[in-house]
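Feature annotations, reproduced from Swiss-Prot:
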type: ACT_SITE; residues: 116; note: active site, proton donor/acceptor
type: ACT_SITE; residues: 142; note: active site, schiff-base intermediate with substrate
type: BINDING; residues: 29, 30, 31, 56, 180, 200, 204; note: 3-dehydroquinate binding site
């Protein structure tokens, strides 16, 4: 799957962009933390689309600086509305409570437990530890770490290969682009692409370029 991040500052623009993106991508990620204003009713609108709903906290590289309970309530609303995926940080102390809430109400939402490091990629052993911890909490483990070397790229792909269908593994930055191109081949459930320069993280490959590379390599 190819996911395009929706990085708009208003609900109206976000919905319009998502509809355009879904003509060329499999799924979108609504970056709720980048919106100037958002309500639970807006979350209900977003959840109708094939999407990941992410309200990324500022302490994990996001833009949400408001009340954390309000943030968690928006995620709960997405779960109530059966959003396809929600993303919750591994470092969020209440991530298990959100999974329990999902189970109690019988929601169909899949929960991604995510880890980010914008400076480096940990050792392969540490990455495995992170993935195991994330999978003990949610349905899918996601890690996005800065790739600074060929070794980082190899470690990321090896860890993805160990957990096919249960993981989203990403090497950020220019050196990490190979992980974005080959990650799905090794078992990542999706890769994040950019659209005409609009991206949510360093190193995202333009969707048209990504599709052309996959076509040339006979990857799907």
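Each Cβ is built from the backbone N, Cα and C atoms, and glycine gets one as well.
Because the structure is a prediction, the values reported are computed rather than measured.
Structure with Swiss-Prot features highlighted.
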residue: 29; record: 3-dehydroquinate binding site; DSSP (3 states): strand
residue: 56; record: 3-dehydroquinate binding site; DSSP (3 states): coil
residue: 116; record: active site, proton donor/acceptor; DSSP (3 states): strand
residue: 142; record: active site, schiff-base intermediate with substrate; DSSP (3 states): strand
residue: 180; record: 3-dehydroquinate binding site; DSSP (3 states): helix
residue: 204; record: 3-dehydroquinate binding site; DSSP (3 states): coil
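Its Cβ taken as reference, residue 56 (3-dehydroquinate binding site) is surrounded by 22 other Cβ atoms within 10 Å in the chains shown.
The most densely surrounded of the binding-site residues 29, 30, 31, 204 is 30 (count of other Cβ atoms within 10 A of its Cβ). Recorded residues residue 204 (3-dehydroquinate binding site) and residue 116 (active site, proton donor/acceptor) have their alpha carbons 15 Å apart, per Cα-Cα distance. For residue 116 (active site, proton donor/acceptor), the same-chain residues lying six or more positions away in sequence with a CB closer than 8 A to its CB are 60, 61, 89, 143, 144, 145.
Put simply, the residue listed as 'active site, schiff-base intermediate with substrate' is 13 Å from residue 180 (3-dehydroquinate binding site) when counted between their Cα atoms.
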